[in-house]
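As given in TrEMBL:
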| type | residues | note |
| --- | --- | --- |
| SIGNAL | 1-21 | signal peptide |
| DOMAIN | 21-83 | domain 'Sushi' |
| DISULFID | CYS54-CYS81 | disulfide bond |
| DOMAIN | 84-140 | domain 'Sushi' |
| DOMAIN | 141-202 | domain 'Sushi' |
| DISULFID | CYS173-CYS200 | disulfide bond |
| DOMAIN | 203-259 | domain 'Sushi' |
| TRANSMEM | 306-324 | transmembrane segment |
Amino acid sequence: ANAKVWLLLLLHFALVSMGRADCPLPQLNGSVLLSERSILQNNFPDTSEAFLECLNGFQRESGSTSISCFNGEWSAVELKCKKVDCGQPKPSPHMTYIISEGTLFGSYTRPICQRGYYLEGSSYRQCLVTGWSGKSMCSLIICEKPAEIAHGKIVTQLHKEDVVMDDVIEYSCDASYVLDGNRFMRCNDDGEYDSPPPTCKAIECQVPEVKFGIQIEGNPPYSYKSEARFKCEPGHTMKGSDTAVCEENDWSAIPECVQEKSNAADTTAKQTTAGVTINTPTTNTILNKIKEEQLTVYSLNGVKTAVILISVFAIMIGGVLWLVHHRHKQRGSYNTGEGQWTKEEELLPFQKPRYISSKSSNDFISD
């Protein structure tokens, strides 16, 4: 009887132990996961617990952070997690934020500085578990103090220690000097001036030129307030003052030499270099001279031709008169035979006159 009792008890304990089975490792999804302690646990016996936590970047919103094992099965997961919300970034002077992605975990925001300030630090900030990453601040844009210039000064009166963005610096030069460069410099948004400081150069005017005029006073170099005096060439009248003054920008009113109408055909062109005037004949003058020379040549040629024609005409007249006279003498005489010439005598070009008999003893015939 005792043996039967013990057998029944062993069977009962075996059946009870079979109903209390261990639970498997919990399988979780989404933003809930096992805690590090539960992950390291080897088994989960009946009535044991597994602990839960939220994924990184998430935080508990509601529900229990544990589950229980009963008869080999886990109880329902009640834990609910939501993303960490960093909220609005902490305000900073002269700074605003562009928030286009929201303020939840993982989103980005961009800090922007007001005009006249520049950003120092992070150009983007991200929402992390611990809050917004990085640091940003806005600093005043400052340009270096303007440089002094020789023979000049800074006109702008600065009532503050720093030159900030949009401040304008003005320069001027001493008397007898002129600015070379920009009179004004502006402080830009990059902390640099928009142009370098100007320089002051001594005023010097170029050699003045007056068409149809001659400089009679003043020599280069022409410094500030130097004078140059002019007179006009013959045939031209001066219009304006005969004296020009070297001013800050250029010469004061330079005179003008106007051509007189009566001398319009004899105009000469002037080439003035360094105050020296060289007169060169114009085209009209040259043409007139050429015409005069041609007329002179034509006149000489005409005289020569006339002389030659007159000479030829005189010779012809003389020959005709001689022939008429010779025939007349032959008709009025009688031939005695003495006047007959031999053939040799006729061939001789020059013979002394030979007298022939005629009515008068004074008549003779010459070759």
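Quick reminder: no glycine exception, Cβ is built from N, Cα and C everywhere.
The structure, with features from TrEMBL marked on it.
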residue : record         : Cβ within 10 Å
CYS54   : disulfide bond : 20
CYS81   : disulfide bond : 20
CYS173  : disulfide bond : 22
CYS200  : disulfide bond : 20
Between CYS200 (disulfide bond) and CYS81 (disulfide bond): CA-CA distance (Å): 74
Mean predicted confidence [pLDDT] for the domain 'Sushi' (141-202): 93
DSSP residue counts for the domain 'Sushi' (141-202), split into helix, strand and coil: 0 helix, 26 strand, 36 coil
Assigned conformation of CYS81 (disulfide bond) - DSSP reduced to three states: strand
Where CYS54 (disulfide bond) sits in the secondary structure, as DSSP reduces it to three classes: strand
Distance from CYS54 (disulfide bond) back to CYS173 (disulfide bond), taken between C-alpha atoms, in Å: 75
Cα distance (Å, whole number) from CYS54 (disulfide bond) to CYS200 (disulfide bond): 74
